[in-house]
Amino acid sequence: MKLTALFASAAMVLGLATGAVAQDKTKIGFVYVGPVGDGGWTYEHDQARQAVVAEFGDKVETVFVESVPEGPDSERVMTQMALNGADLIFTTSFGYMDSTINVAKKFPNVKFEHATGYKTAPNVSVYSARFYEGRAVQGHIAGRMTKSNIVGYIGSYPIPEVIRGINSAYIHAKKVNPDVQFKIVWAYTWFDPAKEADAAKVLIEQGADVILQHTDSTAPQAAAKAAGNVITFGQASDMSEYAPSPRVSSIIDNWAPYYIARTQAVMDGTWESVNTWDGIGAGMVGIGEISDAVPAEIKAEALALKDSIAAGDYHPFTGPIRKQDGSAWLAEGEVADDGTLAGMNFYVEGIEGDIPN
Amino acid sequence: MIVLERRPQPSRNWALATPLVAVLATMVFGGLLFAVLGKNPVEAIRTIFWDPLFGEFAFYYRPQLLVKGAPLVLIAIGLSLGFKAGVWNIGAEGQYIMGALAGAGVGLAFYPLDAWYVFPLMVIGGALGGWAWAMIPAILKVRFGTNEILVSLMLVYVAEQLLASMSLGLMRNPEGHGFPGSRNLNDYAAATSWINQNAGLHWGVAAALIAVIFAYVLLNRHMLGFHIRLTGEAPRAARFAGVNPARLILFCLGISGALAGLAGLFEVAGPAGQVSIDFNIGYGFTAIIVAFLGRLHPLGILLAGGLMALTYIGGEIAQSQLGLPAAAIQVFQGMLLFFLLALDLLTHFRIRLRKREVA
């Protein structure tokens, strides 16, 4: 049993070594739903993790586990991080919500940050970005650029976050192009290049010459490139490898400022449970560079829209807006409240089709 | 020159030894892989195989091994009966989903009634759900001679669509702010499958152990078990012995479907807690590996399920502690099956060194 003895002694040495180093560092765990190389959602969270390391250097130690399924596995990964001395844990997918709350109960001294959820606790904050602000800019460009007047939209799951994006894009496309029509395909996945490519192809076959996506891979970009004469927008990350065309702009999730601020708060002992929902103004939502494939005039309009949203002069959901069934929602000049937006489960007037359920 | 010589009888010693040799070979080559990735291979292997069992936080990981291993064992036991008879149910993942949907559906229908019979009815629902889903390929095979591998596999994707539909529609939590996913059954005492959450004990763990015992008795002491083995090893002889192939197909697919359905039910009512779009995470497919890793033997499957659970949990620890990428862990798990199948050769063949003959 020499091998066992070897393992045991190695275990002791290594155990002591890691134990000694971990003392004065702030340890931060990240739980990712996809691979760090997905080029979209998880990629941007990992970029922000690297930004935290770049900002604090030796004062922090970050750990992450990628492709963690939602459910019991995520609970185990979080518990394991907490057991190993994490001070702060970012759980970066909606489906981690109940697991985060469960683990947070067991580790009251560990701080948790859950992305895109709605359940908080004394040691659990939630944070999300107002992606619908970016969707407004996209919708504007889409409405102006389409020649077929058909805009294709690849939805992931029919949840409020995605429906909000569809509504925001539609409202702003319609504003500049009354003939515009949205065709929506549900992929039922956040990341599946094959399914996303199929969805893009279907939409292009149906005449769409603009593809908006709420899924994370670059497959729709590749499909649009192959088809030619179709424009797309990067999702979650810039996807600039498809610029200047088909990718003409993008919505970029920029979590870095938030992650750095929350890490600092833990270090300073000032961390408290908050509910953060930031947009373009705070820098959490970035608009990727609008490429030369977009005429200068349209580009200027889009940037003006972006600036007015960032400055707080304009809210993308400003009345008059009716619901799909024709009933009134927002009166002239009225602005949607966050509660309605957070639970949005209806299309606005003019969008065809039903939200699947 | 190395030549392979078929053994007159499969070697019993090698049949027992290959899983162990495969694990050792995986450790060696996995270690090499980790070394190439710039990690200390001894530390990586220790983290994966040692830490969950005997490390500092083993008190937490040991119960987790039960949680992770139970569905694998339960499904693999059912599959192994069919595999022994040459009935290839590849769609356990779909039956697992359908069992969870049927079982959770029963539970949610009774919500918030607090009665002792809710959970037993859910168990029956789960078993029936999986059984019914497996009956589709079974009946098609018996009646029209379709290929059960293809039909059962394709039905997995149908089940996934149904799962998404249920999470977004019929079973959606009315208090969930419009988000997908059902009520959490862990908050509904009459419907939870947990016995003791801290000890990792839920009824699925108990069911897995019972299934192991029943499968053992069935295969070794019962006529039906003899027929299953006979059909797999000598189909013609089985016919002469009076085995009814159609009934055997229905039985094998039915029992594997029911057990997969039960695994789904215990999971949804316990560790997972709710019906959600991403509820299924591949237990039905991993169980195929577990079944073969365990040599289709009930006790072997029990050990293999534990080993597989160990690589999952240890793999997660290695990811966060050592920064190993998830893909490296998956390659490591893949190696295990590869070596097992490759070394299987030694059970049936003998390697002989022979001098090169002059042509």
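Cβ coordinates are placed from backbone N, Cα and C, and glycine is handled just like the others.
Record features (TrEMBL):
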TRANSMEM  B:14-37  transmembrane segment
TRANSMEM  B:65-83  transmembrane segment
TRANSMEM  B:119-140  transmembrane segment
TRANSMEM  B:149-171  transmembrane segment
TRANSMEM  B:201-219  transmembrane segment
TRANSMEM  B:248-266  transmembrane segment
TRANSMEM  B:272-293  transmembrane segment
TRANSMEM  B:300-318  transmembrane segment
TRANSMEM  B:324-346  transmembrane segment
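In this chain, the transmembrane segment (B:272-293) lies apart from the transmembrane segment (B:119-140): fewer than three C-beta pairs between them fall below 8 angstroms, excluding pairs fewer than 6 positions apart. By number of Cβ pairs under 8 Å, the transmembrane segment (B:201-219) is matched best by B:65-83 from the list B:65-83, B:119-140, B:248-266, B:300-318. It is B:65-83 that, among the stretches B:65-83, B:119-140, B:248-266, B:324-346, forms the most Cβ pairs under 8 Å with the transmembrane segment (B:300-318).
For the transmembrane segment (B:65-83), the partner stretch with the most Cβ pairs below 8 Å, chosen from B:14-37, B:119-140, B:248-266, B:324-346, is B:248-266.
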